[in-house]
Structure formats: structure tokens, C-alpha cells
Amino acid sequence: MSTDNKQSLPAITLAAIGVVYGDIGTSPLYTLRECLSGQFGFGVERDAVFGFLSLIFWLLIFVVSIKYLTFVMRADNAGEGGILTLMSLAGRNTSARTTSMLVIMGLIGGSFFYGEVVITPAISVMSAIEGLEIVAPQLDTWIVPLSIIVLTLLFMIQKHGTAMVGKLFAPIMLTWFLILAGLGLRSIIANQEVLYALNPMWAVHFFLEYKTVSFIALGAVVLSITGVEALYADMGHFGKFPIRLAWFTVVLPSLTLNYFGQGALLLKNPEAIKNPFFLLAPDWALIPLLIIAALATVIASQAVISGVFSLTRQAVRLGYLSPMRIIHTSEMESGQIYIPFVNWMLYVAVVIVIVSFEHSSNLAAAYGIAVTGTMVLTSILSTTVARQNWHWNKYFVALILIAFLCVDIPLFTANLDKLLSGGWLPLSLGTVMFIVMTTWKSERFRLLRRMHEHGNSLEAMIASLEKSPPVRVPGTAVYMSRAINVIPFALMHNLKHNKVLHERVILLTLRTEDAPYVHNVRRVQIEQLSPTFWRVVASYGWRETPNVEEVFHRCGLEGLSCRMMETSFFMSHESLILGKRPWYLRLRGKLYLLLQRNALRAPDQFEIPPNRVIELGTQVEI
């Protein structure tokens with residue numbers, strides 16, 4: 001998205017603050033509290049405070065500023081980012097075996113996101129509502145119900161779209177970051193000694209003094225960079241420069257000031273560890289701060305929900321998830337979508353998590369494994385792109401990868417300590433999603449191969465039909481074909497059972513390209529195969545939704561006139577049965593049958609009028 005289009009650079013930068021930095025921007029609500037809460041065996045001591053502050057600051061510099069904003073964001077596909085995009089880019093110039101490994105890494109990274117997305121809304125909103133413990137301690141029993149109410153309203157408005165509400169996100173988040181900076185600066189001025197923690201030697205001293213415990217404590221430090229993947233995933237919406245500009249001018253200074261302000265407060269008053277963020281504020285500001293914190297966490301949750309919608313659409317379009325209903329909530333912005341099934345499944349999961357864990361401190365124990373796991377995978381995939389696509393020197397790329405992994409692997413390993421205390425949750429959810437995605441992709445491939453393994457040549461069949469035509473009836477018939485050079489099952493069964501053929505036959509294939517968008521000039525390719533047969537291949541990007549009516553419009557512009565209400569669409573509907581398999585493949589087959597039964601049918605998927613569709617069933621053993 002170029003900054004000279006439609007909006008000015010300041011406007012785009014402000015919008016990026018409102019969407020991209022919601023998650024990482026609400027981390028000060030709980031990060032330092034979890035670091036120094038006593039769970040690691042040391043209390044609010046000067047060396048511990050300085051050590052944690054130094055680690056947080058330099059983690060923000062190295063992971064966010066250097067790794068993601070400077071290096072990873074160079075890897076874009078027509079301006080788009082995200083873990084599946086990175087997977088696609090990394091596999092472009094590699095061997096088939098290497099590509100398979102990279103695809104597995106990308107799918108694991110995407111699955112980790114699904115695991116983490118359940119926790120983000122819960123921990124963000126709960127940590128804000130927990131400000132009630134400071135404002136009115138007697139209301140602490142209302143934290144869980146209020147958190148559920150807030151998130152219920154958020155999930156309910158998803159179907160209406162967020163275009164109108166979204167206009168408020170940017171000014172609210174800008175206000176939030178200014179408040180973070182103001183509260184932190186006020187505390188730092190009162191205790192400037194805390195600025196010594198900017199020296200990275202305090203991080204080194206922390207490890208030397210606390211040894212093994214300091215390593216385990218990295219599991220809490222990583223809370224400061226949760227949401228870092230959003231910087232790369234949302235690159236297509238705002239562009240690289242506005243996201244970088246927002247970070248270095250607003251977000252990084254505000255986060256640094258607030259974390260160090262909390263540290264200054266704790267050095268002066270160790271008892272403030274119960275909630276150092278809210279105790280930074282004067283008494284008169286607690287209620288307004290509670291309100292703005294709740295709004296900021298709702299915005300952070302919205303960004304995550306929108307992110308899971310986008311990831312799901314991309315996975316569906318790339319063939320890793322079954323087709324599902326995707327509703328566009330904005331006529332102007334193709335990225336604003338609503339997926340009902342995903343929305344309500346996520347809502348149920350979030351409510352269960354809130355009721356089960358009851359407090360954001362308990363949830364913090366579940367946070368981090370998926371984030372750091374994705375960071376490791378991002379390092380490997382992005383350096384693969386640097387070597388294979390950008391042709392950087394292999395030794396230089398190796399040094400970059402080693403530098404990244406020297407940070408990522410200790411963070412990931414430290415978070416494994418959380419496995420039994422809550423880390424199993426995102427890991428389990430991620431594992432389920434990985435199984436679902438790999439099952440759909442592999443079983444779909446098996447089905448298509450089974451359907452076409454005994455097929456005749458398309459060209460030979462057309463030549464035979466032209467030479468000895470069956471009864472021809474007036475009108476146009478469109479046969480949906482998953483592959484270009486194979487005979488559609490529906491065509492074979494129509495000839496077998498009805499023994500008729502329309503006077504004009506179009507074989508339509510809708511293809512997803514390895515790009516977010518396809519230009520209208522390249523949308524449709526038309527080839528006349530015989531006097532009465534045409535092949536139409538319509539190409540779409542993975543951020544686009546195929547629409548047959550649009551394809552017909554493009555065909556008309558290219559000289560092949562088609563009228564939707566005068567055309568019959570023939571589609572095959574496969575009734576699947578499982579063949580003989582080992583028990584583990586049989587389980588996978590049963591999962592695929594379940595996914596297939598609940599998948600969105602082709603007429604709904606491609607917006608074809610139901611009264612123009614003729615489905616011909618066939619039984620296939622897989």
C-alpha cells in the first residue's frame with residue numbers, strides 16, 4: 001500500500017498504531033508484574049528490577065526493531081506478509097523435499113497462531129478489568145463476569161464489520177500510548193536511577209547472579225513482545241514505512257518509558273508489585289485509566305480476531321482448510337471480512353479459558369510457547385528467503401540465522417517450563433489445527449488423484465464428441481473443473497446418464513495463484529478447444545474471493561458472452577467412503593469425511609444462483 005495513494009503518511013501511520021500495535025501495546029498491563037511476582041524465587045530486588053528492565057528493552061530492540069522491522073519485513077509477496085506468505089516465498093526456489101519441510105514449518109507457525117489467539121483476548125481484557133482490584137477491591141469477584149460481557153459484545157459486533165468503530169481505534173490507541181509515556185515519565189523523574197537499566201550489562205549481570213532461575217524467568221520477559229507477528233502480518237494493510245515509523249516515533253518510546261516507570265515505582269515501593277501499571281497513576285486518574293485500558297485491550301483483541309479471519313481465508317484459498325462461509329463487511333476494503341464459524345468457535349474457546357483460569361496471572365503461564373515457537377520458525381523461513389530468493393552470501397545468512405536463534409531458542413526453551421502450568425493449552429490447540437490443515441490438504445490431494453487416475457484425455461474426448469455428437473440442447477452449460485487438463489466428473493456423468501450435451505460447453509477452472517491479488521487484466525484466460533467447447537481459467541489471489549458472475553463479466557469483455565440466468569452449472573458431488581487403510585490413516589480419513597460434510601458447497605462458495613445449479617453425485621473410495 002503506497003503512502004501516496006488515498007491517504008497521507010501521517011494518516012496511515014496513525015491507523016497502523018491503532019491496529020498493528022494493539023497486542024504489544026497492552027503488554028505493560030501485566031509483563032513486569034509477572035516478571036517480579038515471586039514465582040521465580042526472587043522478589044522486588046534492585047538487581048532483579050534492573051535485570052528485567054534491561055532484558056525487556058533489549059528484547060524490544062533486537063526482536064522487534066532489528067529482526068522483524070528491519071529484516072523479516074523485507075520478505076513480502078506483493079506487499080503482503082504473514083507466516084503463510086513467508087512459507088510460500090521460502091519454497092519458491094528450493095527442491096521438492098526442502099519445500100515440503102518449509103511447508104510443514106509454515107503450517108506449524110500458522111497453527112501456533114490459532115493456539116495463541118485464544119489467550120490474547122482473554123489475558124488482555126482481564127488484565128485491564130483487574131484494575132478494579134485497585135479502584136474498588138470489593139468488586140474483584142466481578143472481574144470474570146465483566147471480562148466475559150466485554151468480549152461477548154466484541155464478538156457479537158463482528159458480523160456488522162468494524163469499519164465505523166475502526167475509525168476510533170487509531171485515536172484511542174494513540175491516546176493510550178501517550179498515557180503510557182506520561183505515566184512512565186512521571187515515575188522516572190521521581191527516581192532517575194532506573195535509567196541505568198538501559199545498559200545491557202545489567203541483563204548480563206542478571207544471568208550471572210541468578211543463573212538457572214534467570215533462564216526460566218525469560219518465560220515472563222517474552223510477554224513484552226507478544227503480538228510481534230502482527231507487524232509482519234498486517235504489512236499489506238499499511239505498508240512497511242508507516243509501520244516502522246509508528247514503532248520508532250510512538251510505540252517504542254512509550255513502551256520503554258512505561259516499563260522503566262513501573263521499575264522506578266517498584267524500586268521506591270516494592271509493595272506496588274500487586275499491580276504496578278495501575279499504581280503508576282494518581283488516585284483521581286484510576287477510573288479513567290481503567291476505562292482507556294479496557295478500550296485498548298478490546299482494540300488489541302479486535303486486531304487478533306481480524307488476524308485469525310485473514311489467516312483462515314488465506315488457508316482456505318491455499319487449500320489447507322475446507323471452504324467456509326466468508327462474509328465481506330466492507331464494500332471498500334477487501335480485507336474486512338467475517339467468518340461466522342471461526343468467530344463463534346473462538347468466542348466459546350475464549351470464554352472457557354477465562355472461566356477456567358480466572359486471573360490474568362494464571363493465563364500468563366499459558367502465554368509464550370506459541371509466540372516463541374513462531375519466532376523460531378520465522379527466523380528459519382526468512383533466512384531461507386534471503387539465501388534462495390535474494391541470493392545473499394550463504395555465510396552472511398548463516399550468521400544472521402545464528403544471531404536470531406541465539407535469542408529465539410532460549411526464549412522458546414524457557415517457555416517450555418510453562419507446559420504443565422498452562423502452556424499445554426495453546427500447544428494443544430495448535431496441534432489440533434495442524435492436524436486439521438494437513439489432513440484436509442493431503443486427503444484432498446488423494447481424492448483428486450483417485451478421481452482422475454483412470455481419466456481419458458480431455459482433447460480426445462472433445463474430438464470424439466465433435467465427431468459423433470450426442471443430442472444437443474439449446475443453451476450454455478458450465479462444468480466446474482478442479483484441474484485444467486482433466487475431464488470434469490459432472491460432464492462424464494451427464495453424458496453417461498442423460499446422453500445430452502448443450503450447444504455450448506464451458507469448462508471453468510478457478511485457480512488460486514501464489515499472490516495476494518491478481519490484476520483484472522490477468523483475471524481470465526479463454527481458450528476455444530473446439531467449435532462448441534471453451535476452456536476458461538479464472539485466476540484469483542489468496543486475499544480475493546472467487547465470484548463466477550465477475551468471471552462471466554470478464555468473459556464478455558473478451559468476446560465470450562455468458563448470461564448467468566441463461567446458463568446451467570453442472571457440478572459433481574462426491575459421496576466418499578473409506579477404503580482399507582492402517583488405523584492411523586483411517587482416523588485421518590474419518591476426520592476428512594467430517595470436514596467434507598461440513599464444508600461450504602461450491603454454489604455458495606462461488607456465489608452461483610442455486611436455481612442454476614445441477615449436482616451429479618458419484619461415489620468415490622479414498
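Positions of Cβ are set from backbone N, Cα and C atoms, glycine also.
Taken straight from Swiss-Prot:
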TRANSMEM  9-29  transmembrane segment
TRANSMEM  49-69  transmembrane segment
TRANSMEM  103-123  transmembrane segment
TRANSMEM  137-157  transmembrane segment
TRANSMEM  165-185  transmembrane segment
TRANSMEM  213-233  transmembrane segment
TRANSMEM  247-267  transmembrane segment
TRANSMEM  276-296  transmembrane segment
TRANSMEM  337-357  transmembrane segment
TRANSMEM  363-383  transmembrane segment
TRANSMEM  396-416  transmembrane segment
TRANSMEM  419-439  transmembrane segment
Legend entry - Among 49-69, 137-157, 363-383, stretch most in contact with the transmembrane segment (247-267) (C-beta, under 8 angstroms): 49-69
Legend entry - the transmembrane segment (165-185) and the transmembrane segment (396-416) contact flag, 3+ Cβ pairs under 8 angstroms: no
Inset, instruction - For the transmembrane segment (396-416) and the transmembrane segment (276-296), check the count of CB pairs under 8 Å (sequence separation 6 or more) and say whether it reaches 3 or more. - result: no
Legend entry - Interface check, the transmembrane segment (213-233) with the transmembrane segment (337-357), three or more C-beta pairs under 8 A: no
Legend entry - the transmembrane segment (337-357) versus listed stretches 9-29, 137-157, 276-296, 419-439: most Cβ pairs under 8 Å: 137-157
Inset, instruction - Might you confirm whether the transmembrane segment (137-157) is in contact with the transmembrane segment (419-439), defined here as three or more C-beta pairs under 8 A between residues 6 or more apart in sequence? - result: no
Legend entry - Stretch with greatest number of CB pairs under 8 Å, the transmembrane segment (363-383) reference, 49-69, 103-123, 137-157 candidates: 103-123
